[in-house]
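Structure first, then comments.
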Amino acid sequence: MKSDRRHFLKAAGVATIGVAAGATAAEANLLDSAKELLLGPKGAAPYPEAKKGARWAMVVDTRKLTAESMEKMIHACNHAHNIPLHPLRKKGDKYNKDEIKWIWEEEFENAFPGQMNEHLPPKVTQNEVLVLCNQCENPACVRVCPTKATFQREDGIVIMDFHRCIGCRFCMAACPYGSRSFNFKDPRIASLEINPEFPTRMKGVVEKCNFCAEQLDKGLQPHCVEACKNGELVFGDMNDPESEIRKVLRNNYTIRRKPEVGTQPQVYYIV
Amino acid sequence: MLEKALTGDSKYWGWIGFLLLLIAVGFGAYLRQFNEGLTLTGLSRDVSWGFYIAQLTYLVGVAASGVMLVMPYYLHDHKAFGKITILGEFMAVGAITMCLLFVLVDLGQPMRMMNMIIFPTPNSVLFWDMVVLNTYMFLNIIIGWTVLQNERKGIHYQKWVKVLIYLSIPFAVSIHTVTAFLYAGLPGRHFWLTAIMAPRFLAGAFCAGPAILLLIVFFLRRFTSFDAGDKAIKSLAVIITYAMILNVFFLLLELFTAFYSQLPGHMHAFVYLFAGLHGGHALVPVMWASVILAVIVLILLIPPKFRNNYNLLIPALIMLVLSTWLEKGVALVVAGFIPNPLEHVNEYAPTLNELVISVGVYAVGALIVTVLYKIAIGVKAEVGDAAH
């Protein structure tokens with residue numbers, strides 16, 4: 001996002017200079033200093049700790065997942081991202097219509113509807129698995145968004161601009177994984193313990209897992225990965241052949257959710 | 001010409017007052033939603049579009065149907081439609097206004113609506129939907145108004161109007177095609193992922209829209225000096241009949257593909273609609289009502305003996321509007337979300353607040369159509385073209 005903004009500002013700067021073609025040297029200097037003020041000193045990277053040229057992906061080792069470990073990871077995410085736990089909209093509702101979730105548990109048959117068969121080993125089908133945004137290489141949500149409020153970064157992360165989203169929910173219809181949530185009501189509820197490190201949202205916008213872009217920009221791992229103790233989640237750079245994730249993918253048979261829809265999910269599962 | 005809308009009898013003003021009241025109540029309900037958010041609707045994480053977007057879909061069809069009068073009249077010189085073409089164009093204006101309002105009330109952040117123009121995004125179908133809907137609306141306002149004005153002055157409309165009329169024909173097709181693309185291009189929604197979504201929409205539109213128009217024509221014949229003439233009524237009834245046959249045929253094609261192929265994703269939504277799925281069966285009565293009505297409509301419309309009998313034609317048209325509305329204005333949008341991408345069945349029903357807002361939007365459309373029709377009929381009476 002930062003780099004997008006830089007590009008935009010550069011382009012805007014060039015355009016301005018173009019318009020002011022007849023400007024005096026003093027005015028050109030003024031423009032230069034304005035650019036420096038906006039963009040920082042020349043050559044400074046926006047996030048020096050962030051790994052450059054990365055393409056982020058995740059492996060979920062479902063064999064290692066336990067109810068306890070999943071709960072820890074989900075909690076870490078919910079807390080870090082200020083995700084409210086809304087009560088049921090109406091007493092007696094069969095499901096929580098206001099629910100916001102970025103990473104959650106699902107039965108195997110729900111996470112992988114096309115790959116279920118009744119003779120799979122019980123340890124595969126009876127354990128729940130973690131699901132989250134697949135950070136697709138070819139994301140349908142980005143394709144349909146009418147304002148570019150959801151977009152793909154150079155490192156592959158599909159992310160939201162909460163300030164631009166108009167709440168049309170086209171992306172929710174487009175996502176083949178049900179990974180997106182909408183703020184049907186104000187998310188800043190009293191019971192929310194606000195983490196000042198991450199922005200809260202407002203009602204009427206869509207949100208979803210951002211692969212903890214805010215952590216990656218600091219050179220850290222996503223919160224869910226930090227919360228797991230036994231290597232349940234492996235996170236890393238797909239562009240680096242020597243990264244741990246590439247090794248894990250080389251040595252294990254992995255599946256992805258709904259590969260037939262052509263979105264190229266970047267969350268892989270070992271079952 | 002606007003002054004024609006400012007004179008009327010007490011019934012006219014009573015109707016206007018009633019619509020204004022509905023609009024005020026709907027606006028009040030909208031203010032509640034604006035304040036508290038879409039949590040006041042029945043929408044959820046799983047069924048994220050519902051009644052509002054379904055009305056948009058249905059009304060785009062009503063708007064597009066104007067072309068069923070424009071094309072025969074202007075391209076094939078079918079003179080019988082000379083008097084009612086203006087009604088089709090003005091109905092399109094009302095319908096598109098409602099479409100745009102239904103999008104507006106569905107937005108989570110309506111104040112940011114202009115982001116669609118500030119950050120134009122050509123890869124989004126919604127962007128194109130906005131472009132074609134607005135263009136079609138302006139085309140119809142300009143064409144209808146200019147042709148009427150010239151008729152009043154007793155002159156033939158200008159050449160540039162003819163250009164706009166020709167332009168409005170592909171635009172009518174495009175508004176419904178692009179609206180179908182909102183659904184038909186989404187990878188994970190099997191129910192909508194069908195190449196005949198746009199033809200289905202058009203077939204449904206070309207029977208439902210003219211049916212509504214014809215009902216209005218019967219109303220005007222009864223209560224005003226305006227008579228469209230039997231020839232126009234009968235030709236329009238034929239168009240409606242063909243379109244309704246196609247509409248039902250297309251639905252049968254969908255059922256064949258889903259159930260003969262036995263692809264689970266393609267069957268699920270139809271099973272949900274016709275029989276219920278995993279304990280969810282809210283739309284079963286809706287879908288069956290639509291299908292049964294459609295069969296009765298076809299029985300009443302296909303034999304000319306029945307179709308030309310107005311005592312049968314009028315109830316057939318009412319049932320047709322109801323049948324297509326239940327299918328497209330209720331079931332089609334909601335069933336695309338059920339089961340959800342994780343194969344859970346979480347159902348949807350609109351809330352009272354949602355329905356009150358929707359009634360308010362319909363009242364805005366009815367008000368626009370009333371005023372425009374009042375003007376059109378006033379002008380026709382003035383130039384002596386009202387009675388048959």
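Cβ atoms are placed via backbone N, Cα and C, with glycine included.
Predicted automatically and left uncurated, TrEMBL annotations should be read as such.
Keep in mind the model is a prediction, meaning the values are calculated, not measured.
Taken from TrEMBL as is:
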TRANSMEM  B:12-31  transmembrane segment
TRANSMEM  B:51-74  transmembrane segment
TRANSMEM  B:86-105  transmembrane segment
TRANSMEM  B:125-148  transmembrane segment
TRANSMEM  B:160-186  transmembrane segment
TRANSMEM  B:198-220  transmembrane segment
TRANSMEM  B:232-260  transmembrane segment
TRANSMEM  B:280-301  transmembrane segment
TRANSMEM  B:313-335  transmembrane segment
TRANSMEM  B:355-373  transmembrane segment
Legend entry - Distal contacts, the transmembrane segment (B:355-373) - CB-CB under 8 A, six or more residues away: 5, 15-16, 19-20, 22-27, 29-30, 33, 51-52, 55, 59, 87, 90-91, 93-95, 97-98, 101-102, 105, 144, 216, 220
Inset, instruction - Taking the transmembrane segment (B:51-74) as the first stretch and the transmembrane segment (B:232-260) as the second, find out whether 3 or more Cβ pairs fall under 8 Å, excluding pairs closer than 6 in sequence. - result: yes
Inset, instruction - Could you pull out which residues elsewhere in the chain have a CB under 8 Å from any CB of the transmembrane segment (B:12-31), counting only those six or more residues past its ends? - result: 105, 353, 356-364, 366-367, 370, 374
Legend entry - Most Cβ pairs under 8 Å with the transmembrane segment (B:198-220), selected from B:125-148, B:160-186, B:280-301, B:313-335: B:313-335
